[in-house]
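Okay, so here's the structure we're looking at.
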Number of protein chains: 2
Amino acid sequence: MSKGTLLYAQSGGVTAVINATASAVIETARARKIKVLAAKNGILGALREELIDTSRLSLAQVRALAHTPGGAFGSCRVKLKSLEADGDKYARLLAVFRAHDVRWFLYNGGNDSADTALKLSQLAEASGYPLTCIGVPKTVDNDLVLTDCCPGFGSAAKYTAVSVAEAALDVAAMAETSTKVFVYEVMGRHAGWLAAAAGLAGKNAAQAPHVILFPEVVYDEATFLAKVKATVASVGYCVVVVSEGLKHANGKFVAESEGSVDAFGHSQLGGVGPLIAATVKDKLGLKVHWTVPDYLQRSARHLASKTDLAHALAVGKAGVEFALKGLNGVMPIIVRTAEKPYRWKIRAEPLRNIANAEKKMPAGFIGKDGYSITAACRRYLEPLVRGEAAMPYAADGLPKHALLKHTMIGKRLPPFKG
Amino acid sequence: MSKGTLLYAQSGGVTAVINATASAVIETARARKIKVLAAKNGILGALREELIDTSRLSLAQVRALAHTPGGAFGSCRVKLKSLEADGDKYARLLAVFRAHDVRWFLYNGGNDSADTALKLSQLAEASGYPLTCIGVPKTVDNDLVLTDCCPGFGSAAKYTAVSVAEAALDVAAMAETSTKVFVYEVMGRHAGWLAAAAGLAGKNAAQAPHVILFPEVVYDEATFLAKVKATVASVGYCVVVVSEGLKHANGKFVAESEGSVDAFGHSQLGGVGPLIAATVKDKLGLKVHWTVPDYLQRSARHLASKTDLAHALAVGKAGVEFALKGLNGVMPIIVRTAEKPYRWKIRAEPLRNIANAEKKMPAGFIGKDGYSITAACRRYLEPLVRGEAAMPYAADGLPKHALLKHTMIGKRLPPFKG
């Protein structure tokens, strides 16, 4: 019987499978008789001492999290600064941890969260408080370094590839008298992983997507339009996939939406799809349609990848195991051990090697034309979208999501004025 | 052994299950030893004598159509005018039918197509050519009269309800520090059926969608904004569903995109979602996100409704049976015979009662506040999205679509100069 509490928190944009990770964390810790609290709305809940008692959830509820998208305990876009600049917040976190005997902190997020977990682990060590901090990976952007991929990405990738394949059949059927060019906008601020995933839909040059606009490749309108024109001439229609992070030669986003930024300092994007569509319409005079799936692509649990779900569960389980072993300041990462058949394992990687870094697409993953993916890219991506992850539907035809009523732990500290 | 050929053609916007109808048409006719041709790109193929020989398809290929979205033989947006105005085209169609011994014509489309099938049936009768014309229903807009619903709608409705439910969980998780208002744009030019379907996602006032903007309810910005503001205050966030057909009091579309029209004379819409989102951002100062699924909602075979698929197969089968019985100028329509449990049957309805009419949402289906659906609406919609329609995925994680190579029938007539 272990002494101490495990605190789990979700951070940043949620995914179709982040709750699967939560599910694995809770179930693994519960099996080891460890009490699990979950911070409400990520690190904010830890700062405010708003802690959810997961022991009130039945095992069935915990397991149902594995097929529920979104973030069941709430997430947030709040990035802590350096130990110096945000010293009061880090101190408060340690105070809350002490007050609730939190010995293990699992922070489920991307590279910003890995940074926060790392700083907390350093602070705890320096202050002599016995705390083990683990960064648990999650991001549809797939931009964490060292891990082969990020939980959440595979499902968004599958959603993207399947949606492009399906919509392309629609466009193909109607092209003679209706839409000639279809533009599909994908997420991905700085790395074209989801844009690349769309490429899985096409097995040859005639199949959609015919043009992928990567954030890694400077947008050149004339070359792009020529490619679209040639595709319509040869195929009869053209499906364009464009990343929200598409940039001009000067480094500016093509869709710099009013220059606003979020709490992490990222530009708020959106709208490059309609912009590219309008360009095609105006310059080529072709009928266009466009789609911006937005949150649909990262919450489509109904179309999750089986591989991705397995990854999400595995990092949750390993996160708890690493924590209980006292592996402070690490992240369970996914290692690809074999290509054919695809095999993978989890190992611990120090957070200092991961925090704040960003994995771009390798140059060898983008075709020479700048608009396609290479065979190497396909080999990398394909296992990640493989397999379907069944989920239960209710009699009314809608998914059976776990909609939890949270029981909060009583506060033991005065409110934080941060 | 019947003499004569059956011609099948797809018309207008395709759906997730129109190929299931095609599949049923071919399989039913084949079982009766009837030769089936399919017009390439709808009525255009019939005019041009571009006819596909479906006997070259294996039974496995024909059955695979039932899980392939889009329009496998091509569709088109071409509406024939009156017998007087387009007399040369109708005459040409009859000439092509004669040349290929076409005795049965099944036209799979919406109310415009029903009109064409009706006119052809009248012309054939007047000219003494033994032709039976059947209008086979299909439209995600669900706006055909007399039939209880339209094949294609149920799957788009399920896609909409599930996507709204999933995205709402994402928004809920992030609302405190990120998006407060999420705007989801649905198709539906003049009838709010798909907008209403989104309402299935929420079982109570706190659940998304919180606001549905129907084309049947005049858009009032001030009332709308007040409702959004109140929802954010009470729920913490607000999910808005808006129909592309949302109108101002003067009858103009809120998103009248450059006033362009398609071949059927419908305004080309799109963009009301981002417009509503911008209004919320500017007037309420709340962070917004928006999605426009566009073609994804009508091609998402991966999320098709089992009921809808059954309807699509049934109208195809009945279409052939009615044709072979010589029921000229009818449409197989779906009749709801019982509510609990839901039961339905197919019967023949004269096309003259269906052509060119448009079914709006009953007033009793929209809540008194103008932003929600009633219990009666829910009772009507729920059976249509019920059940999942499994489809095969390949080992690479993508759907196994039937991608047909068409074998064309040799031409017997000189080209048509229409």
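Glycine too: its Cβ is placed from the backbone N, Cα and C atoms.
Summarising the annotation, TrEMBL assigns domain 'Phosphofructokinase' to A:8-318.
Under the heading diphosphate binding site, TrEMBL lists A:Gly13. The Cβ neighbour count for A:Gly13 (diphosphate binding site), using a 10 Å radius and every protein chain shown, is 27.
In the three-state DSSP assignment, the secondary structure recorded for A:Asn111 (Mg(2+) binding site) is helix. For A:Asn111, the entry in TrEMBL reads Mg(2+) binding site.
According to TrEMBL, the feature site 'Important for catalytic activity and substrate specificity' maps to A:Asp112. A simple way to gauge crowding: the CB of A:Asp112 (site 'Important for catalytic activity and substrate specificity') has 22 other CB atoms within 10 angstroms, across all the protein chains here.
Annotation source TrEMBL lists site 'Important for catalytic activity' at A:Lys138. A:Lys138 (site 'Important for catalytic activity') carries neither a helix nor a strand DSSP state and counts as coil.
Look at TrEMBL and you will find A:Thr139, A:Val140, A:Asp141, A:Met187, A:Gly188, A:Arg189, A:Glu244, A:Tyr295, A:Leu296, A:Gln297, A:Arg298 tagged as substrate binding site. According to DSSP, A:Glu244 (substrate binding site) is assigned to coil rather than to any helix or strand.
Here A:Asp141 (substrate binding site) comes close to A:Gly110, A:Cys150, A:Phe153, A:Met187, A:Gly188, A:Arg189, A:His190, A:Ala191, A:Trp193, A:Leu194: these same-chain residues lie at least six apart in sequence, with C-beta atoms under 8 angstroms from its C-beta. Look at TrEMBL and you will find A:Asp141 tagged as active site, proton acceptor.
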Nearest of the recorded positions (A:Gly13, A:Asp112, A:Lys138) to A:Leu296 (substrate binding site), judged by Cα-Cα distance: A:Gly13
Extent of the substrate binding site in Å [max Cα distance among A:Thr139, A:Val140, A:Asp141, A:Met187, A:Gly188, A:Arg189, A:Glu244, A:Tyr295, A:Leu296, A:Gln297, A:Arg298]: 16
Cα within 10 Å of A:Asn111 (Mg(2+) binding site) - qualifying recorded positions among A:Lys138, A:Thr139, A:Glu244, A:Arg298: A:Lys138, A:Thr139
CB contacts for A:Lys138 (site 'Important for catalytic activity') [other CB atoms within 10 A, all chains]: 32
Among A:Asn111, A:Lys138, A:Thr139, A:Asp141 (the recorded positions), residues with Cβ under 8 Å to chain B, listed in sequence order: none
C-alpha spacing of A:Gly13 (diphosphate binding site) relative to A:Glu244 (substrate binding site), in angstrom: 15
Cβ contacts of A:Arg298 (substrate binding site) (under 8 Å, same chain, 6 or more positions away): A:Gly13, A:Val14, A:Thr15, A:Ala16, A:Pro69, A:Val140, A:Gly152, A:Ala156, A:Met187
Cβ neighbour count within 10 Å of A:Thr139 (substrate binding site): 26
Length of the line joining the Cα atoms of A:Asp112 (site 'Important for catalytic activity and substrate specificity') and A:Thr139 (substrate binding site), in Å: 11
